């Protein structure tokens, strides 16, 4: 389509604006005709609100799905994954198989989690089974480590309840909802420090599901060496990897920002644990991401004007088992280091190359499966249409940690690489 793209954003970040200007796009206000709006989650709520009566035209696209929170709100993500497991179980899917103790063999990738106040009685029952465990409490709708704390006694929850002016956990209240999850107290450590992975995943459509993994993810390290000691439960520099918290620590390094690239992690693990187990670990991480997206796909409003770049947070335990901690709808575009700035600029550049082909005025009927040469540092993680064409046999061969058979873990079809083609 002829003409220049008219853009708007309510997120004033240089990595965004520089990418728009590089393309020769024209900045306008939200009250003018626009084609591309990179917006906050608060704004997307208003845009798709029934009350506003706003309707997007065919030449407008935005960077969030209307109900992205089905994946990015901590309580709803867990709820959808639990529902997904039960549906697979009901269908008799081999993916829902359990071991003798009742644990899922292939879908056990989220720590045991309860919603508070709704699931308080269920939580107490579980807590009493293993009273020496540590649990982590998080507000459902906050980010950057805000409002998070660890507990190892029921009395701590009761105190929190009183402090929050909540009379009872048994009934629903107007107070802020929390999730409480079993704390992964045996994290893989490097240099004695806990870390997590921040991985970027772009979804162009949920039905059919098509998603892309960004190759340049990174690890975020704590500044203080890890200890499971109860005396350090309140020390968030030991337990939380969020840069928003760690940058206030005495030992925070402003040059590298306490970060490693995922490629460096891979090389480290290959040299210390071996290539085979490292490959298996990354296969399982890809598996987790695809299954989490499949879990929310049926309830996601797959609006044709939308795409979304998510920030996945994964923790690896000392047995090299990956755990999905949460998914962020607005991964930080703030640059804490020079390398960070380059990474995030390239992330936005590659995202725009897929979402707005050739930098031209968008068409909501855009080709959501672009050719490989425009992907940049993205790789196709899962393409439902290709996977369906591969038959049910792949479902049985592609469970995490198992060989994918003679085809391997990569399927090349029509010039596109599919990293994981799990059914």
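Each Cβ is built from the backbone N, Cα and C atoms, and glycine gets one as well.
Within the same chain, residues at least six positions away from residue 184 (ATP binding site) with a Cβ under 8 Å of its Cβ are 111, 315, 317, 323. The ATP binding site annotation in Swiss-Prot covers 138, 144, 145, 181, 182, 183, 184, 194, 195, 196, 241, 242.
Under the heading protein binding site, Swiss-Prot lists 144, citing similarity to another entry as support.
In sequence order, 218, 219, 220, 221, 337, 339, 340 make up the list of same-chain residues 6 or more apart from residue 259 (L-glutamate binding site) whose Cβ falls under 8 Å from its Cβ. The DSSP secondary structure for residue 259 (L-glutamate binding site) is strand. Annotation source Swiss-Prot lists L-glutamate binding site at 220, 259, 344.
Under DSSP, residue 313 (Mg(2+) 1 binding site) is assigned to a strand (E or B) in the three-state scheme. Neighbour count (other Cβ atoms within 10 Å of the Cβ, all protein chains): 19 for residue 313 (Mg(2+) 1 binding site). Positions annotated as Mg(2+) 1 binding site by Swiss-Prot: 313, 326.
Residues or ranges marked as Mg(2+) 2 binding site in Swiss-Prot: 326, 328. Sequence-distant contacts (6 or more apart, same chain, Cβ under 8 Å) of residue 326 (Mg(2+) 1 binding site) comprise 72, 74, 77, 138, 313.
The predicted model assigns the domain 'TTL' (1-367) a mean pLDDT of 88. Marked as domain 'TTL' by Swiss-Prot: 1-367.
Here Swiss-Prot flags 391-423 as region 'Disordered'.
Look at residue 184 (ATP binding site): DSSP puts it in coil. Of all the binding-site residues in the list 182, 195, 344, the shortest Cα-Cα distance to residue 328 (Mg(2+) 2 binding site) is found for 344. In this structure the alpha carbons, written CA, of residue 195 (ATP binding site) and residue 344 (L-glutamate binding site) are 20 Å apart. Every protein chain considered, the tally of other Cβ atoms within 10 Å of the Cβ of residue 182 (ATP binding site) stands at 18. Each residue contributes its Cα atom, and for residue 182 (ATP binding site) and residue 344 (L-glutamate binding site) those atoms are 32 Å apart.
Residue 138 (ATP binding site) falls within a strand when secondary structure is assigned with DSSP.
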